[in-house]
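Encoded as structure tokens, the structure appears first; notes follow it.
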Amino acid sequence: MIVWCEYIDDADQCHSCHPYCDKCFGPSKVECITCVVPRLFDNEHCVMHCPPGKFGMYGQCYPCHHTCKECTGGEPNDCTSCDKDKFGNNLYFFKGECREDCPAFHHPAADNVCSPCSRNCEVCIDSKHCVKCSSGYYPDSDGCQQLNCGEGEIEDLDYEDCVQCAEGCEKCTLDDPRLCTLCKGGYYIFHQRCYETCPAKTFKNESTMECTLCHENCIDCDEERCYWCETGFFLSESQCVQTCPSGYYGNEDSAVCESCYPRCSMCHGPGFDDCDICESSYILQNGKCISDHSVSCKQGTYWQDDTGTCQTCNDLCRTCTGGESNECTSCPSGLYLYGQVCVNDCPKQTFASLINEKCEPCEEGCEICSGNKNNCHQCSTRQHRPLYLHMGRCLSECPMGYFESTNNICAKCDDACESCEDTPTNCQSCVRPYVLDNNSCQMKCSRKHYATAQRRCKRCPAKCEKCNEHRCTECSRYFFFHNGTCVQDCPRGFFQNTQTFTCTSCHPECSVCDGPDSDDCEGCANPSLIIHDGQCLKFCPEGTYTDKETEECQECDKTCRTCQGPDSTDCIYCRDGMIKNRQGHCVMHKDCALNMYMDKICKSCHKKCYRCYGPTEDDCLSCNHNHFLLNTTCVNTCPHGYYTDQNRRQCFACHKSCKTCNGRSSTQCLTCKADWYRLNLMCVKTCGSGRFANGSSGVCENCHASCKECWGPGDTECLSCQDNNFLMKSENKCFPSCPEQYYENKWEQTCERCHPSCKTCDGKGPIRCTSCYWGFQMYGSICSSQCFAGEYLLSEDPETQCEKCHDTCLECKGPGPNNCTDCHLGLLINLADGKCLNCCKSALPDVEDCCDCDMSFDECVLRKAVVVPDETGGGKPALFAVVSVLLIMGIGIGIFLLLKTRSKSKPINRGKYEKLPNQAKSIPVYNASKDSVSFRETQATEYKDHLDEIYDEEDDDDIVYMGQDGTVYRKFKYGLLDDDDDDELEYDDESYSFR
């Protein structure tokens, strides 16, 4: 009869495995190599179900992806439940993945599952409370309601609100609500604007409800004729001409070709004395066309052709051309000539001129004026286009900075508005540095808007939080910036950088990755390469094999030196102290138990080892419960520079930039090494714009919102400012505008001090003043004293009185040394306090304030004086210095003598750390000084003293230290040699200090 032999004992006898085992190397249920169906192999056990964090495949339990709590496979989308990430933050289950956040339209529910929000809700707290609705909807107590905007409104989907279009618009664009696509009834459209009254150079087209352009050079017209021409043109029979026809002249005020006086064939005005050329039978005299006989008539009479004599003028005329009251050519005192009639009061649209005693016309469009034609008080009412009163003149359009009010007066816009409509604050453009945001002038655009070159705020593209005129610069939540657009999922070859919220390129070797470095790969760019610990390699390294299913390098079983797969226990060569059995698995020497190793005789592994292979007890293959394998050592917790893999019960090295971490990637750092700073979960050398490196915490922290660069979080720790802000260097603070006595340096974005002679200025130096102090007069852009050079104004009442400037000032604006505006040769002015100071004589500290002329010779760079305390008030710095030197020398001699005395006592032996024995290597003893231990971090673990009995559990364990190179050292006592009573210095594992 043939007997199936499952394993052979030391006596070459066949035995059956434990019922759970299919293959084994001993009778115990923890000595299985493979398991019977349906059991699964997991850490030398055969189990019915894989524990949490693992899944069953090919009769073995494999770790889930690190994001999963439970799973059906090893990929990130094979999860069936989620727990927390390595920082203790909840992960949420959605479509087989465990995510940091639930996607849009979902919310975290019970058991950390992403459940759907209510209908049309994009972001919600739970199924009943919506925070952000889908496009075209807005949240209320009953969920998401459809956004139904009324006439003259447009949907603002980002803000879930209706935006009011400009007046007269029935429909408009969201980017600029002033741009209309359809007008309300009674309004006319022109260049995407709706007008109740068409603007200049256009007229109403009732059939199309549009404003149609007038003919060339006409600025006021209707469909049939022109009513008003551009400057330089005159209206003649509905045409705009530059030269009027014969018998007409161009009236500059009315811009109309008007008739000359009847006797004139050419003229330059309407009066009888405005003729240039007369009709036949008349002669020109002083602009008048008169009969040749009228020359002989005296004042107050006129020539009458019928009688051939000079006749008396009408009583109302002083001179005349006929006997009627409407034939006057000049008037008696107190009366004014209007046409050829003398009147007491000039009619509307004219004014009484005291110069020529005539009623002269007001400026065109003025109804009532006085004194001169440009001093209008009331404008005429016009049928086609209203006129607006502005500074004594009637205009068809108000100038920049004013708007057309309801009483036909040009009213002033708000100070920040460059132009406005209807009200002072309904701005259409802004003065610098303001920008136009929704018809309001602000220092910066509102959220999700950017300023154009014309300083108008326009909406950023969808999904974009910040942008400029050319591209998006920052994305909304849940989106990542890529090639100028915002995407929810980064394309292949990029990873979602949660520090910068951008799609950042993978390393060139990676096709898929979770970080920027060469060891962050999840897929290889070269398909012939294979992944191991995030790196793309040509061959799997020793101790690993190629997994055909995952196309990754998987760890060989700890019993193998090398293996070939498909299982981790398919060894090619075994570790020292182990042999290959008939099934090709490496097992302990047949004479030794599982927790022992062969070193001539069977010796027990260290108490923390589950299995070991020698040549010492510390060469572990796996660890007992609650311990983790670090190289070949079992430790309670993984040391700095390593992270714990709970599934594999091992310690693995962090990324090179991390001091502590929770994974191998560069994006999984918890703290950083020296000279590196943590930015979210990455360690960086420089923190970048808007952040500063906090040396005490080792973290990149945010600057104040006003700072672009800074050295601390406060608003007085700025190095440079955000756009449209200026740095006040003396305060290290950013302001939207500079205070008085400072000007805005646009290039450097700083507030610079004006020259002391200027009260306000727009640039550097004494020739850029915009206003002056009392006692100075402005000449162009220079402020000059009203007194002689070297003096300042003391008083003006009852007469000008000046006083001499301080001796240090060449010129000044007041008494004392702090009011200088110019200095004598060899001195420089300190703009901060108006003092004239000498150049510093050396690099050493001075006893007086001085200017560092090596740094600048056109502006004082102040160097403050060193203040030496003087209790006597006598000022004896030399004596003080001598006494200080003698005191220091005395203290030094005392310390030297003390040390000499102590050196005669018994020497203290430096504590030593001896390398634990290892027959495979020979490493010299390492003498660790106090400094090297105190300030260099080492990894520590407790071991049982292997010189004592193996099973003596009650003896104190030695403390050993593992250096960063993997070398392990045992701690000795620090004590005095040849002295029975040791003064012991103990090493404190917690604080790394001596006590």
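Every residue, even glycine, has its Cβ placed from backbone N, Cα and C.
Under the heading domain 'EGF-like', TrEMBL lists 116-145, 164-195, 210-258, 309-343, 368-411, 412-442, 555-587, 653-684, 753-784. Annotation comment: TrEMBL describes 878-899 as transmembrane segment.
Counting same-chain residues at least six beyond the ends of the domain 'EGF-like' (368-411), those with a Cβ under 8 angstroms from any Cβ of the stretch are 197, 200, 203, 219-222, 227-228, 253, 348-349, 351, 360-362, 417-424, 426. With a cut-off of 8 Å between Cβ atoms, the residues of this chain six or more beyond the domain 'EGF-like' (653-684) that come close are 66, 85-87, 497-499, 514-517, 519-520, 533-534, 640-643, 691, 693-694, 698-700. Averaged over the domain 'EGF-like' (555-587), the predicted model reaches a pLDDT of 78. Secondary structure of the domain 'EGF-like' (164-195) per DSSP (helix as H, G, I; strand as E, B; remaining residues coil): 0 helix, 15 strand, 17 coil.
For the domain 'EGF-like' (368-411), the DSSP counts in helix, strand and coil order read 0 helix, 18 strand, 26 coil.
Counting residues per DSSP class in helix, strand and coil order gives 0 helix, 16 strand, 16 coil for the domain 'EGF-like' (753-784). Across the domain 'EGF-like' (116-145), the DSSP tally of helix, strand and coil residues reads 0 helix, 19 strand, 11 coil.
Across the domain 'EGF-like' (555-587), the DSSP tally of helix, strand and coil residues reads 0 helix, 14 strand, 19 coil. Residue counts for the domain 'EGF-like' (309-343) under DSSP, split into helix (H, G, I), strand (E, B) and coil, are 0 helix, 15 strand, 20 coil.
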